[in-house]
Amino acid sequence: MNLHEYQAKQLFEHYGLPVKNGAVCQSVEDVDLVLAQLSGGKWAAKCQVHAGGRGKAGGVKLVQDVEEARAFAEKWLGQRLVTFQTDKLGQPVNQIYFEETCDIDKEFYLSAVVDRTSQKVVFIASSEGGMNIEEVVQNSPHLLHKVTIDPLFGGLPYQGRELAFKLGLSGTQNKQFTDIFMGLSRLFLEKDLSLLEVNPLVLTPQGNLVCLDAKISVDDNALFRHKDLLALQDLTQNDAREAEAEKFQLNYVALEGDIGCMVNGAGLAMGTMDIVKLYGGKPANFLDVGGGATQERVAEAFKIILTDPSVKVILVNIFGGIVRCDLIAEGVIAAVNEVGVRVPVVVRLEGTNAEMGRQILAESDVNILTAQSLQQAAELAVNAAKGEH
């Protein structure tokens, strides 16, 4: 789950990290009231979306007065911001974050991610922060410095000092950086984050380090013990189908193909998409119905897939381990009838009572194409998408 910048900075402030004062508005009428809470005569105006690249897309601007702030809010509120990290439709802008400004002498980059190989958290820092960090990663990887922290012990002061020295910071700035490193380390571990990014972390002419931007992603699997973070979730930033799928504990990710995929198990779902591509097709989605593929969940899965107008065929690939394939077959038939599916449906069943399941499908009056293997299922689905069924 992603947080907005203003939400991330509220967490930063709670952990004693240096941020500038800011406030959020949700309408043009709120701009004057919001700016009255801030000092200074100019502010940074930032569209709040769950995507990077806002600056290059025009979603971040330095506004010189209240009138310019109003104009920025009027331009963006209710619109969609398209960046290199969004799809072609972009993300809806429902909030503008106004923040006090500061002069900048130097920009740094600082982030933390989970390294699954070492089963530890890796902090990454660079002396080249700002909007072009992607180019630094690609063209100058030697400018990236890393330290690994053990989740059992957390970040240690010497690690912060080590990173600070590599960034060319000494004296007071070294201590400030170490304090920021320690605070971010506590935040990352205590809140079960999967990603934390400060870009840029800036050095002001007065010699102070300030977190000018903040990006946080929380591990979805840990949200059950972080009700405070769950309350910050903004479902408007999710694909509408993905949000609907969450209600029924379905894992759905929208793609841009025309073959809808319904599979039980994430690994099998990825394998199914791979083989569809191998046979020349394009998956319209990733959809994992999980181990408990009940009739209700299968019906909801069909409904969600069919909300995508580009879907020309649905491929159902079920391995009956925990669930029996005969029950799945009956569920698929009932779901197809309930939903009123009007596109071809290809079903491949394997595992417990698979033959019985295929027989139930064959004897039904529902127009379902059955496959004996995953290869045959992919071929049938690709041909059906081409209108050759």
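Note that Cβ sites are derived from N, Cα and C of the backbone, with glycine treated the same way.
Model, not experiment: these values are computed from the prediction.
Copied from Swiss-Prot, the annotated features are:
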type: DOMAIN; residues: 9-244; note: domain 'ATP-grasp'
type: BINDING; residues: K46, G53, R54, G55, E99, C102, E107; note: ATP binding site
type: BINDING; residues: N199, D213; note: Mg(2+) binding site
type: BINDING; residues: N264, G321, I322, V323; note: substrate binding site
For G321 (substrate binding site), just give me the three-state DSSP call.
coil
Those binding-site residues listed as C102, I322, V323, and which of them has the most Cβ atoms within 10 Å of its own Cβ:
V323
Per DSSP, three-state class assigned to K46 (ATP binding site):
strand
Counting all other Cβ atoms within 10 Å across every protein chain shown, which of the binding-site residues E107, D213 scores highest?
D213
Out of N199, N264, which of the binding-site residues is least crowded by other Cβ atoms within 10 Å?
N199
Find, among the binding-site residues listed as G53, G55, G321, the one whose Cβ has the highest number of other Cβ atoms within 10 Å in the structure shown.
G53
Taking each of the binding-site residues K46, R54 in turn and counting other Cβ atoms within 10 Å of its Cβ, which one has the fewest?
R54
Do me a favour and check the Cα-Cα span between R54 (ATP binding site) and N264 (substrate binding site); whole Å is fine.
36
Among the binding-site residues listed here (G53, G55, C102, E107, N199), which has the Cα closest to the Cα of I322 (substrate binding site)?
G53
Alpha-carbon distance [G55 (ATP binding site); D213 (Mg(2+) binding site)] in Å:
11
Just the number: how many Å between the Cα atoms of K46 (ATP binding site) and N199 (Mg(2+) binding site)?
14
Among the binding-site residues listed here (G53, G55, E99, E107, N199), which has the Cα closest to the Cα of G321 (substrate binding site)?
G53
Starting from the Cβ of E99 (ATP binding site), draw a 10 Å sphere and report how many other Cβ atoms land inside it.
23
If you measure C-alpha to C-alpha, which of G53, G55, C102, E107, N199 (binding-site residues) come within 10 angstroms of V323 (substrate binding site)?
none
Give me the CA-CA distance between G55 (ATP binding site) and N199 (Mg(2+) binding site), in Å, as a whole number.
12
